[in-house]
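Here's what TrEMBL has on this protein:
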type: ACT_SITE; residues: B:550; note: active site, phosphoserine intermediate
type: BINDING; residues: B:39-46, B:118-122, B:173-176; note: GTP binding site
type: BINDING; residues: B:476, B:477, B:478, B:479, B:480, B:481, B:482, B:483; note: ATP binding site
type: DOMAIN; residues: B:30-245; note: domain 'Tr-type G'
């Protein structure tokens, strides 16, 4: 048993004062209410909001919360997928299905320059992320003139994110200035901005990875099957198991995909996303494995390690989400 | 003294491995507590948080590896793990070894999920601490056992109390460095008790701890057998959370958004601030005061029999009554008050000092109104709690001042209701959040002075004169040609049988405003009075022409907001500074350049050009005569 366990004390737990049925909300109920409040504030105060949808589990929860926020209306903004053309096939399938299910418009944006130059994760390294994602996102926001964009980032993911506001103000060139953030008190968010400036809004800032999984479990939210273990064709590259998702994958001489029982903890471009060997086929099993695992979630991603300890902070200043 | 920490072994809750469904069930039913840790780096605040994360297994092995190697490189604990490195997130902070901003951390125990606002302790970060305290159920105030109650302890306690944090934990840290002596602890508690009472803190919980060694953090330590209270984590797990307290108050829900998917459905969406609501409840909508009955509470997961504070819902009424964003839905027989003048406590958060009399946006709940702050009654010295005289509030200053809003605000005193008493001020030019404030009470004069309805109104006045009233507001540098052109405009209108009146800057300062000087605050008051006079004249049906430098956009916008839409006609007399200075009709520029004249617009006081005036007159292209014709044509063409 854990060292944190102690005898329960009187007065602890659910309250039942004055004979009324007032209940103490659970942490997930409070988190849900807080996120819905944030999403509604944006719709009330921004001129043209959009929800960035990456098809991952965090996006899935964020989209679900948006549907709850405006029910019975559909969420009054579109979904935007800044695509790299290198996502897993299963992600494209779920993306289209969810857009239809939610009754929202889906905008898919490809950076034309990246497309023209054939930028890909095999030949271009970090340029792939810079052009398709960072530049692509800025271009897409400028093209449509969105002044507020929802993103599914969480504060527990990474150190610089722990300090970012829920309403994160961006300059005309989409830059983030960590030293000049607007104070955020109570649940009062300041959405005022000049023309050309925008805000990124993180409604699930206060959720942890465990909260996300549990919420998906409780609400039966559809997620990409890649999160569950299955036999998949993989090769080992630089100590990382990579899935061969389509025939664009340049196999080295003599290299042959091997069927392994794997799943993914995070989803991105398939050649950049490491799989873990696993037999977890249900959500509780996935959660169990996640909790028992000894490495943090973003470890499978190359981006955090760029530029020393401050990798994500630098990326964010440049306009990465 | 040993320098080795406890075994850094990664352990997990055995229930996860043994019965994941049981574990999930336990996690699902956890409640949530938000708390703030106050103290400076020296008090061991980051170390304590690092310790809490570590002891509750929120640190993964890869993070631990990085931490161990970082600790050796830049740590301050020799070969030991420097937990502070875990939580000081931004690059500047890691380099300088200080915590600049509020960081939010998360950890779980078997009973609760915790969100920790990790705030810097130095005086220059008062605003960050206030931010962290604004959402906290509880505050942990750290004291270095070797140093006792310091100025900063008093400051942190005052700020937490000011923001209404009811649960205060006095954590006497670094007990390992005073050999766990009870006398040291008792002395500090006695000192603190005296201070706490003096500022109105009713109760607090004191405990001896060592964040570095782990004493009394998750379990009671053998090193302090004389201490019989709970461990820190145990206390955090059992203290009552704010949302349960709020649930017992009267029902209030600020409306965020009107949900209207089709003609058959009209619901009002919001987060319930206090109390609970059930279908069938009689409700009242503020500020209109209209009443109805709740017909249903709608959510994505089905209709609810009851909803309580902390839940986001959509409420429908039995009657079609006026209700929109900014309205507050309350229980019918116990509604909150409305007022437009308040006494408030303000924490200034911007580099640029507060400007008394200037109009700022005030956001309270979902209400956004224009508000002006008077000169502070006093500023509070956050270290000694003394009241000091003040003309303004600078960055991190806290003061008490009166606030007037341009519309009725639905509110409750902050002490009774955070959601209806806490507000932020937003600069209308830069859009920055410049202050946070708490409404203490409404001022009687706004309760008792009611608008007198008159039978002959502005419509009748205007009809008799057969014209549409307007305020032609000329703005521009001294010597730009405002008075010359304004004079020509009035002559032309007069010839066309229009009823006009010209308010000239210099003339007004001889009478109505002769008590005002040229400081920023006086200039704002000057414009406010002229705005009010112009409004009265427009109400009387006149076409008012004003010629004032009126250098600040915010003040011109204030006048615009006093008048009905379309009646404020801003005319920007655009003359470059060089040209105006060369003309120097009154010899004022010369005096300003020589330093004889202070606060002169364009020289040592800024001029903010209108961003979107109704008309811009370029005097380097148009003659005064041409300019006047253009203005008259545009005005009458519009009218």
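Heads up, the Cβ atoms here are built off N, Cα and C, so glycines get one too.
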Problem - For residue B:480 (ATP binding site), the one of B:42, B:45, B:119, B:175 that lies nearest, given that the binding-site residues are compared by Cα - result: B:119
Problem - For residue B:175 (GTP binding site): intrachain residues, at least 6 apart, with Cβ closer than 8 Å - result: B:145, B:184, B:185, B:208, B:209, B:210, B:215, B:216, B:223, B:224
Exercise for the section: Rounded to the nearest Å, what's the C-alpha distance separating residue B:482 (ATP binding site) and residue B:550 (active site, phosphoserine intermediate)? Just drop the number here, would you? Expected result: 11
Practice task
Reduce the DSSP letter at residue B:175 (GTP binding site) to three states and note it down.
Solution key: helix
Problem - Nearest of the recorded positions (B:478, B:483, B:550) to residue B:122 (GTP binding site) - Cα to Cα - result: B:550
Handout entry: Which of B:480, B:483, the listed binding-site residues, has fewest other Cβ atoms within 10 Å
Key = B:483
Completion exercise
In the domain 'Tr-type G' (B:30-245), averaged pLDDT is 83
Handout entry: residue B:478 (ATP binding site) CB neighbourhood, other CB atoms within 10 A
Key = 24
Practice task
Express the distance between the Cα positions of residue B:42 (GTP binding site) and residue B:550 (active site, phosphoserine intermediate) as a whole number of Å.
Solution key: 50
Problem - Distance, residue B:45 (GTP binding site) to residue B:481 (ATP binding site) (CA atoms, angstrom) - result: 62
Problem - Cα separation, residue B:477 (ATP binding site) to residue B:550 (active site, phosphoserine intermediate) (Å, whole number) - result: 9
